[in-house]
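See below for the structure under consideration.
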Amino acid sequence: MASADRVTAPVDTVTTGPIEGSVKHYREVDGLRIPVRRINLTNGETFDVYDTSGPYTDENATIDLEAGLPKLRDSWDKPTVAGPRTQLAWARAGIVTPEMRFIAAREGVEPELVRAEVAAGRAVIPANHNHPELEPTIIGKKFLVKINANIGNSAVSSSIAEEVEKMVWATRWGADTIMDLSTGKNIHETREWILRNSPVPVGTVPIYQALEKVNGDPAALTWEIYRDTVIEQAEQGVDYMTVHAGVLLRYVPLTAKRVTGIVSRGGSIMAAWCLAHHRESFLYTHFEELCEILARYDVTFSLGDGLRPGSVADANDEAQFAELRTLGELTKIAKSHGVQVMIEGPGHVPMHKIVENVRLEEELCEEAPFYTLGPLATDIAPAYDHITSAIGAAIIAQAGTAMLCYVTPKEHLGLPNRDDVKTGVITYKIAAHAADLAKGHPHAQQRDDALSKARFEFRWRDQFALSLDPDTAREYHDETMPAEPAKTAHFCSMCGPKFCSMRISADVREYAEANNLTDVAAIEAGMAAKSAEFAESGGKVYLPVVS
């Protein structure tokens with residue numbers, strides 16, 4: 001890391017080492033090393049799962065946080081094409097890039113599908129030329145549903161070391177991208193440490209740092225300050241940027257009757273600027289210049305929903321959908337400049353209004369990937385908003401949303417800590433995987449089937465290893481059955497040895513196999529035997545107690 005980017009409090013250590021029951025493995029595909037988490041099952045089989053943790057779970061890797069991760073993509077081809085060197089431009093030219101081949105191997109699909117979806121604008125590959133450390137991923141509805149984890153300091157909480165650890169911790173448990181939303185001290189330095197050590201794409205909201213440069217006064221913001229901030233972040237390697245260019249002056253009055261007004265930080269900043277100057281947003285008026293900047297680095301637009309609803313009462317209102325129509329216009333402009341685009345969505349939406357959001361986004365924004373914050377399906381559960389939002393997230397992902405921004409238990413209450421980050425990631429991995437199952441994504445059900453088989457065969461350690469959170473699964477089992485023999489017992493503390501339905505089912509199968517019967521025949525034979533026994537006893541319901 002360049003000395004100019006160093007600070008007096010370096011990051012000394014982060015969480016490393018394999019996840020329980022697994023090892024880091026690399027599959028050689030078409031000259032590329034594709035990372036997977038290989039689970040070694042007790043029956044001698046192995047099971048590979050998609051892995052976002054980078055070298056941090058590789059016990060053979062040497063982690064040097066000062067130097068950063070190996071520059072994986074430095075040696076990859078960057079073909080010459082007319083216009084910008086972006087994944088969108090290459091895809092439109094019919095070129096399958098190394099990033100596309102890498103992604104295809106990770107997803108278990110053909111490289112041509114990756115290229116075609118990127119070319120059509122239905123998928124994006126956030127991969128800044130200046131972030132060679134990342135392992136490429138794709139965001140699009142024909143691929144695995146991705147999740148993002150927000151990290152970042154505030155004016156009152158957290159350090160650089162804590163934020164880097166949050167990044168490593170989030171990717172360990174499955175975060176596909178990270179957003180650094182720092183608003184406190186050392187924003188540039190924090191971002192530099194995260195980028196140089198992040199194996200996944202990193203997103204930002206540049207208006208936050210721009211606001212810091214003018215001491216927190218929205219009215220003092222200028223296009224020049226914002227432009228320079230975007231260039232600064234693009235030079236560092238930021239892969240996608242949230243830009244609230246759809247918050248127009250004429251839309252601000254539409255929020256006046258809302259229960260919760262404008263809840264987006266970026267949206268409120270731009271609304272305040274528009275009202276202070278009574279002029280159209282500089283993000284909107286300078287959008288084409290912004291496109292030219294992002295195209296140089298292949299930074300992906302994440303067009304922000306600055307007027308998203310902050311309560312279920314405000315869901316699907318005119319302010320929200322007016323902004324969405326403008327985002328559709330901006331999507332066309334960005335793509336004409338060869339810049340990849342995804343669209344951000346709500347927010348707080350009751351279940352019966354969720355699918356309408358996806359339908360309109362696809363209609364108005366040319367099916368650009370949808371990236372939503374939840375949405376929260378109800379407003380009544382502070383401290384449990386990871387659950388209220390996961391309900392909405394599963395529904396909206398099944399309907400076609402490509403990436404879900406996680407919500408932690410601290411939502412609306414405070415800055416999430418390390419434990420909150422893990423809870424948010426695991427909760428959203430559940431929602432994303434449930435949607436993958438419902439959409440029939442290739443290979444999605446294989447992990448469910450493997451875990452169900454292990455459960456039926458009482459392979460407890462395999463159940464833990466195949467789960468999204470092996471540590472917690474094992475800890476819960478250990479609370480009541482910590483002894484080593486319990487890890488092969490044919491029951492758990494829920495039902496005990498006599499009432500375990502799976503043990504009884506297994507006994508039926510064993511009886512059937514021993515007597516050359518089908519399961520149904522075995523049950524019928526057992527019932528017949530009991531019937532004969534009842535008749536032999538004289539048909540008595542109550543028999544004498546045998547001491």
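Even glycines carry a Cβ here, placed using N, Cα and C.
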Co-listed substrate-binding residue [Swiss-Prot; alongside MET179, TYR208, HIS244, SER264, ARG265, GLY266, ASP305, GLY306, LEU307, ARG308, GLU344, TYR371] among ASN130, ASN150, ASN417:
ASN150
Determine the Cβ neighbour count for SER264 (substrate binding site): the number of other Cβ atoms within 10 Å of its Cβ.
24
Give the helix, strand or coil assignment DSSP yields for TYR208 (substrate binding site).
helix
Roughly how many Å lie between the Cα atoms of TYR371 (substrate binding site) and HIS348 (Zn(2+) binding site), rounded to a whole value?
14
Distance between ARG308 (substrate binding site) and HIS348 (Zn(2+) binding site) at the Cα atoms, whole Å?
8
Binding-site residues: ARG308, HIS348, HIS412 - member with fewest neighbouring CB atoms within 10 Å:
HIS412
Taking each of the binding-site residues GLY266, GLY306 in turn and counting other Cβ atoms within 10 Å of its Cβ, which one has the fewest?
GLY266
Is it possible to get the count of other C-beta atoms within 10 angstroms of the C-beta of TYR208 (substrate binding site)?
20
